[in-house]
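Let me begin by presenting the structure, written as structure tokens, before commenting on it.
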């Protein structure tokens, strides 16, 4: 019998360790994937791909105990060599190789030129060869940024007294009902996949006051656009004891401020690699739905076709307007029409045509929907009735209200959309590891 | 147009703020849910439930601008009063009320006595009234502990250079195939819900070297036991450039060490409330499958019925054995028989009957399955063929290997099971917010 006592330091070094002190002249061991081989005749550059970036190794004939011809791009290796300063190499260092040990070998050449700086391929090929295309360092950097966003969301909310929850994705009835639900059979009973954790997070406000979840949601929508996915990661929070929907917008602004700070500190390498300028989130304009529509119509001479909804083009123009007028990257659009919001949205007491709700646009694209919810049981029942809905299947949800719920509200953020806007992509599939859309169920 | 500038401090105080300095004699405002009212005649204790715990408020007739008869358990309120020291109250303080403002009211009395210290109800009732039963402070404390576990998992792995990923739950074919898959229709195509992120996390090892995910998995197993769920949260990681499966066990031990430390620091209140003694994770015994079976059989006189599998009772006895023999709460069982492990498990080169894999038992219950995986393309193909399986639907998975993969391995931890063992429950439903089992699809 042995005992396992925890993580022990390996002999092999990571890039940050190579850069931590001056190791020039020292012999080190490193491992990595052979990202590219550049054979210059007497010497060759062997570029290793490691999790922290690329590392240049120098192969010199006669000095390395290995035949370069036996080394393939895509192999994984452990090498030994001497650290040397080299301004033209990534991070300013290179390893002059003395030994190479092959850990694994590919059986076929790469189908895509992943070692190019920009992956020069169609979106279709990129997605079809996802396990390979993401080995391109700029491709994978987008998902490091995505990690930073989720991490910022959670860390900020922990700090603000939120509790993380895990709610079921299989259910008997959805939060918001409707036709856009994936249906399945659950041990001879009809079931659905949740399109939102809405009901669950509201119920949990009665328990923890403030809750959040970062989890997949499922939408059986037949949209085929650059901004829709049929499965995506939703960053949801819900908070009690609010004074109004403004508290929700303030919390989201706080999240964005915290996250931009985190990204600039811990993901600087990736931001630089992708040439990203972080948006200004010191102050975010909040403007009423009807006012925003009006302003845009006036400035850009666009006729208002539907006073109760925002068309994608209109959202884009709103983004443009507030960028031009006050340099804003983000805009909160408040007071959405009641008929376009779910039953649980709280109507504006001053004008029930509108709700105490909002969307957040980022560079003209909706990335968040949120608002205050109805917390009074009788008011909720009345709204359900007014809409001609039934309470069937909502018994547990309603029981939370029957037994007392604080004034509350919350929001849901589409992670892939937020990432897309931040890294400046124009298709949400580019910022989804394995997108699911009308035609894509694999890989 | 207004601007939203971030989170601003509210006038109402949280419990930690009330305890941060000596506020005795100060007038404060707090909000919360009326958890219990104890009417003693001239005075009454109004216990508020807040996210950080319970707060005792004192209602004195004539001194509070409110009729106690108008206050209901389950209401949410904002109150004003003077902070006073009181050793018998939770946290040693109470608020002597001058004002009460009701924010919301319940319409019915509680169906469960949630203000009792221990919720005295059946599991069935507890689960049926989940939105209410979790308002009991000990019930909700279990899920705070659960939060600490997930948080520890992520923070430890970030520190160790892992990247967080989000992989799709809808797919065309599962990681491990088989009958235990929920099936559904995806835009006129057959689809399944993933029972594990296995294939995806392995593919992503080729991209990020080290990855993890914390997300739901779905198992259509017809088990009806105290330890099975049909949907649960899986804590998964996968890491490249390992020297062997021992590296995976070391990483898991590191996670447990980090997490127990985090819990003792940040969740001390909940640990105390639930009377939890944290397990010792300084060193965890690792013992071979066949050896563990043998030892248990000898010591407890239990006949070995199936040499290739561990029965639940046998796992329990192994837990007992290593507790008795070396005071261990956890035991790694290594070298599971190959026929009981999936095709991608790496066989032991010294004896291909066994694999370089392990389970982790916690107090005699399996909470983790992990091990080293095959990384060589041809070896993987050979194993698939040997098992009589087809590679259909695995093209993308296999392409990662075709183009080079480092030696790697990983594991999956059942969050609800780990929580159950840690808090000392005997049914995994007790540590699942909204469990899904053969008969339960709601709430």
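The backbone N, Cα and C atoms fix where each Cβ goes, and this holds for glycine too.
These features come from TrEMBL:
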type	residues	note
BINDING	B:176, B:219, B:369, B:373	L-aspartate binding site
BINDING	B:219, B:220, B:221, B:227, B:228, B:229, B:366, B:414, B:415, B:416, B:417	ATP binding site
DOMAIN	B:143-443	domain 'Aminoacyl-transfer RNA synthetases class-II family profile'
REGION	B:198-201	region 'Aspartate'
SITE	B:90	site 'Important for tRNA non-discrimination'
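Residues in the region 'Aspartate' (B:198-201) partition by DSSP class (helix H, G, I; strand E, B; coil) as 4 helix, 0 strand, 0 coil.
Contacting chain A by the Cβ rule (under 8 Å between Cβ atoms), the binding-site residues B:228, B:366, B:369, B:415 reduce to B:415. Ranked by Cβ neighbours within 10 A across all protein chains shown, the binding-site residues B:373, B:417 are led by B:373.
Binding-site extent for ATP: residues B:219, B:220, B:221, B:227, B:228, B:229, B:366, B:414, B:415, B:416, B:417, maximum pairwise Cα distance 19 Å (rounded to the nearest whole number).
Highest local Cβ density among the binding-site residues B:221, B:369, B:415 belongs to B:415, counted as other Cβ atoms within 10 Å over all protein chains shown. Within 10 Å of the Cβ of residue B:90 (site 'Important for tRNA non-discrimination') there are 15 other Cβ atoms, across all protein chains. In this structure, the CA atom of residue B:228 (ATP binding site) is 25 Å away from the CA atom of residue B:373 (L-aspartate binding site). Most buried of the binding-site residues B:219, B:228, judged by other Cβ atoms within 10 Å, is B:219.
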